[in-house]
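Taking it in order: structure first as structure tokens, then the write-up.
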Amino acid sequence: MAGYLRVVRSLCRASGSRPAWAPAALTAPTSQEQTRRHYADKRIKVAKPVVEMDGDEMTRIIWQFIKEKLILPHVDIQLKYFDLGLPNRDQTDDQVTIDSALATQKYSVAVKCATITPDEARVEEFKLKKMWKSPNGTIRNILGGTVFREPIICKNIPRLVPGWTKPITIGRHAHGDQYKATDFVADRAGTFKMVFTPKDGSGVKEWEVYNFPAGGVGMGMYNTDESISGFAHSCFQYAIQKKWPLYMSTKNTILKAYDGRFKDIFQEIFDKHYKTDFDKNKIWYEHRLIDDMVAQVLKSSGGFVWACKNYDGDVQSDILAQGFGSLGLMTSVLVCPDGKTIEAEAAHGTVTRHYREHQKGRPTSTNPIASIFAWTRGLEHRGKLDGNQDLIRFAQTLEKVCVETVESGAMTKDLAGCIHGLSNVKLNEHFLNTTDFLDTIKSNLDRALGRQ
């Protein structure tokens with residue numbers, strides 16, 4: 001723990017006069033600080049701010065390098081900084097997480113470093129006041145929206161499903177259903193009923209679910225028209241942004257009322273708000289049964305958005321991540337129903353195992369690509385909102401450089417293991433350590449930008 005604090009405080013000191021655990025939003029470096037850092041005179045000017053949410057452990061260290069070496073030398077941007085590192089969340093009673101989400105509502109774009117969600121062991125390690133909730137969950141509850149996960153394709157990284165030559169983006173409706181259900185064990189014979197009592201005082205509705213002859217289990221779950229509608233809007237807007245077709249999967253043949261409501265709301269919103277834009281972009285929307293959809297996904301080459309209910313999205317997103325090769329090559333973007341507000345982050349965690357090695361002074365080979373893409377996806381969206389083509393081009397160039405660097409043979413250990421097997425790879429023969437890989441990306445980016 002002490003080592004962790006020393007590292008993150010030294011990082012904060014290195015980035016200027018910013019206090020290590022300030023709960024308020026902090027801006028990007030002053031012009032005087034930028035001069036000291038020898039930033040280029042002709043950086044891309046960005047008119048409006050981006051919210052930056054710092055994180056924990058190994059990803060925090062990598063995040064700092066990305067910002068200082070890959071982003072700020074080329075982009076003149078005001079960053080509204082929030083330290084979501086676990087010590088600061090504890091110090092501010094998690095108010096910093098709430099503040100960061102409210103700032104995202106105000107400025108429309110946020111980039112987020114991976115953060116620790118504490119369990120009992122973390123409470124003890126960090127001597128926390130309490131077991132704070134997942135910051136992602138807190139942010140999602142304030143912003144609403146849908147989390148879209150998309151793989152980063154590198155041609156030389158083998159895929160468990162070789163036919164997936166284009167990305168498949170999965171949108172999970174992270175609200176209700178089994179995750180907010182009430183379940184119970186029936187320990188004897190009896191009748192299980194559902195009751196709905198209208199607020200307007202009209203008649204109570206009652207359904208007999210099952211008459212248990214002996215013990216068993218039961219469950220009641222729900223969702224709301226408002227949440228389903230927000231999910232639908234996010235999915236349609238994301239598909240238009242990507243210019244990819246959208247598929248929505250349910251089991252409405254079995255859950256005729258429950259899943260049927262998802263199907264009907266999606267269709268109504270599509271017909272009323274999005275059909276014209278879909279036709280203009282030559283893409284389409286289609287509802288499919290979940291079992292048929294799973295089969296079609298495995299046979300497809302990719303290149304579409306898949307809208308899933310909560311449980312389906314939980315399961316299928318992990319299948320997609322593994323099928324495409326690595327969680328280190330998976331982006332995650334929270335898209336709000338307004339189509340304007342997003343929060344981009346890596347799909348993986350804080351890479352604790354590598355951080356423990358780093359604390360001992362040992363080099364690691366930690367994959368930074370998903371964290372880099374969190375920055376690029378946020379900056380690209382800022383560019384689209386502001387009509388800043390230079391910023392869009394920069395973000396796309398950095399993404400292209402990351403992919404081309406891996407495809408040229410320079411990569412981290414996790415990716416080399418996908419090709420050769422983890423037990424067979426050797427440092428500097430098959431993979432680079434973290435710093436050398438990031439330096440390689442920096443050199444390649446500088447070269448690519450010099451050509452433009």
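Just so it is clear, glycine is given a Cβ too, placed from its N, Cα and C backbone atoms.
What Swiss-Prot records for 1-39 is transit peptide.
In the structure as shown, the Cβ atom of K80 (N6-acetyllysine) sits within 10 Å of 22 other Cβ atoms. Sequence annotations record features per position, and here Swiss-Prot assigns N6-acetyllysine to K80 (among others) based on similarity to another entry.
The Cβ of K299 (NADP(+) binding site) lies under 8 Å from the Cβ of G163, each of these being in the same chain and 6 or more residues away along the sequence. According to Swiss-Prot, the feature NADP(+) binding site maps to T115, I116, T117, R122, K299, G349, T350, V351, T352, R353, H354, N367, an assignment based on similarity to another entry.
In the three-state DSSP scheme, R149 (substrate binding site) falls into the strand class. Close to R149 (substrate binding site) in the fold, though at least 6 residues off in sequence, lie T169, I170, R172, S317, L320, A321, M330, T331, S332, A347, each with a CB less than 8 Å from its CB. According to Swiss-Prot, the feature substrate binding site maps to T117, S134, P135, N136, G137, T138, I139, R140, R149, R172, an assignment based on similarity to another entry.
For K155 (N6-acetyllysine), the same-chain residues that are 6 or more apart in sequence and have a Cβ closer than 8 Å to its Cβ are E407. The N6-acetyllysine annotation in Swiss-Prot covers K155 (among others).
Listed in sequence order, I153, S301, G302, G303 are the same-chain residues six or more apart from K166 (N6-succinyllysine) with CB atoms under 8 A from its CB. Per Swiss-Prot, N6-succinyllysine is recorded for K166 (among others), and the stated evidence type is similarity to another entry.
According to Swiss-Prot, the feature N6-succinyllysine maps to K180 (among others), an assignment based on similarity to another entry. When other Cβ atoms within 10 Å of the Cβ of K180 (N6-succinyllysine) are tallied across all protein chains shown, the result is 11.
Swiss-Prot lists K180 (among others) with the feature N6-acetyllysine. A helical conformation is recorded for K180 (N6-succinyllysine) in the three-state DSSP classification.
Neighbours of K193 (N6-succinyllysine), defined as other CB atoms within 10 A of its CB across all chains, total 13. Under the heading N6-succinyllysine, Swiss-Prot lists K193 (among others), citing similarity to another entry as support.
Residues annotated as N6-acetyllysine in Swiss-Prot, with similarity to another entry given as evidence: K193 (among others).
The N6-acetyllysine feature in Swiss-Prot is assigned to K199 (among others); the stated evidence is similarity to another entry. The secondary structure of K199 (N6-acetyllysine), as reduced to three states from DSSP, is coil rather than helix or strand. The Cβ of K199 (N6-acetyllysine) has 5 other Cβ atoms within 10 Å, all protein chains considered.
Residues or ranges marked as N6-acetyllysine in Swiss-Prot: K272 (among others). According to its DSSP assignment, K272 (N6-acetyllysine) is helical.
Per Swiss-Prot, Mn(2+) binding site is recorded for D291, D314. D291 (Mn(2+) binding site) falls within a helical segment according to DSSP.
Counting only residues at least six positions away in the same chain, the Cβ atoms of I392 sit under 8 Å from the Cβ of K384 (N6-succinyllysine). Taken residue by residue with DSSP, K384 (N6-succinyllysine) is part of a helix. The N6-succinyllysine annotation in Swiss-Prot covers K384 (among others) and is backed by similarity to another entry.
Annotation source Swiss-Prot lists N6-acetyllysine at K384 (among others), citing similarity to another entry.
Summarising the annotation, Swiss-Prot assigns N6-acetyllysine to K442 (among others) and lists similarity to another entry as the type of evidence. If you take the C-beta of K442 (N6-acetyllysine) and look for same-chain residues 6 or more apart in sequence within under 8 angstroms, you find K69, L70.
Long-range Cβ contacts of D314 (Mn(2+) binding site) within its own chain (separation 6+, distance under 8 Å): R172. In this structure the alpha carbons, written CA, of T115 (NADP(+) binding site) and P135 (substrate binding site) are 7 Å apart. For P135 (substrate binding site), the recorded positions whose C-alpha atoms fall inside a 10 Å radius of its own C-alpha are T117, out of K80, T117, K199, T350.
Nothing from the recorded positions T117, I139, K272, H354 places its Cα within 10 Å of the Cα belonging to D291 (Mn(2+) binding site). Within the set of binding-site residues (P135, G137), the lowest number of other Cβ atoms found within 10 Å of a Cβ is recorded at G137. Closest by Cα distance to G137 (substrate binding site), from the recorded positions K193, K199, T350, T352, is T350. Rounded to a whole number, the distance between the Cα atoms of I139 (substrate binding site) and T117 (NADP(+) binding site) is 13 Å.
Between K180 (N6-succinyllysine) and H354 (NADP(+) binding site), the C-alpha separation comes to 34 Å.
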